[in-house]
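S.K.: Below: one structure in structure tokens.
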Amino acid sequence: MADQLTEEQIAEFKEAFSLFDKDGDGTITTKELGTVMRSLGQNPTEAELQDMINEVDADGNGTIDFPEFLTMMARKMKETDSEEEIREAFRVFDKDGNGFISAAELRHVMTNLGEKLTDEEVDEMIREADIDGDGQVNYEEFVTMMTCK
């Protein structure tokens, strides 16, 4: 995972890691993580901080070392890529660019993809994704639909 990072990214992350690693011992503790999160305006609980550490703490020692930090950052960057992909997909469906996917736009794209859907099926797809009930799908609803697997 971390081997897909450029040298520039690794250098950037090393700098960020140093900001977290207040005492310079090469590891980030929950206390150090909390300090940085609070300086960024977040207010995580002790349990949340522990969860964040546990998620990337590969060797189970309760702290994050630099390789574990790199893995975490690489993972986060991967998530950002998929957000960009979702945005692109939304643009494909939103033919007129008004920020909403209508039943007609959905039908058009699905037909181009070789999916012959009845009006009922198209309406059903819109209904499933249409959280606010306005009869069309906005970007937030589209993201929710795409990420709720």
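Heads up, the Cβ atoms here are built off N, Cα and C, so glycines get one too.
Just lifted these from Swiss-Prot, have a look:
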MOD_RES   A2  N-acetylalanine
BINDING   D21, D23, D25, T27, E32  Ca(2+) 1 binding site
DOMAIN    44-79  domain 'EF-hand 2'
BINDING   D57, D59, N61, T63, E68  Ca(2+) 2 binding site
BINDING   D94, D96, N98, E105  Ca(2+) 3 binding site
MOD_RES   K116  N6,N6,N6-trimethyllysine
BINDING   D130, D132, D134, Q136, E141  Ca(2+) 4 binding site
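Tell me about the setting of these features in this model.
M.R.: Counting Cβ atoms from all protein chains shown, T27 (Ca(2+) 1 binding site) has 20 others lying within 10 Å of its own Cβ.
Residues 1-2, 4-5, 9-10, 13-14, 16-17, 20, 26-30, 33-34, 37 of the same chain lie 6 or more positions beyond the ends of the domain 'EF-hand 2' (44-79) yet place their CB under 8 Å from a CB of it.
A 10 Å cutoff on Cβ-Cβ distances gives D57 (Ca(2+) 2 binding site) a total of 18 other Cβ atoms nearby, all chains included.
Within 10 Å of the C-beta atom of D96 (Ca(2+) 3 binding site) sit 10 other C-beta atoms, taking all shown protein chains into account.
All chains included, 8 other C-beta atoms sit within 10 angstroms of the C-beta of K116 (N6,N6,N6-trimethyllysine).
Of all the Cβ atoms in the protein chains shown, 19 others lie within 10 Å of the Cβ of D130 (Ca(2+) 4 binding site).
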S.K.: DSSP on D23 (Ca(2+) 1 binding site), three-state: which is it?
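M.R.: In three-state terms, D23 (Ca(2+) 1 binding site) counts as coil.
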S.K.: Would you list, in sequence order, the residues of this chain other than D94, D96, N98, E105 that have their CB within 8 A of the centroid of the site's CB atoms, where the site is the one recorded for Ca(2+) 3?
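M.R.: Near the Ca(2+) 3 site, the remaining chain residues are F93, K95, G97, G99, F100, I101, S102.
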S.K.: Ten-angstrom check, please: count other Cβ atoms within 10 Å of the Cβ of E68 (Ca(2+) 2 binding site), all chains counted.
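M.R.: Step by step: centre on the Cβ of E68 (Ca(2+) 2 binding site), count other Cβ atoms within 10 Å, giving 21.
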S.K.: Taking the Cβ of D59 (Ca(2+) 2 binding site) as centre, how many other Cβ atoms lie within 10 Å?
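M.R.: A count of 10.
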S.K.: For the Ca(2+) 2 site given as D57, D59, N61, T63, E68, which other residues of the same chain have their Cβ within 8 Å of the site's Cβ centre?
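M.R.: These residues sit around the Ca(2+) 2 site: T27, I53, V56, A58, G60, G62, I64, D65.
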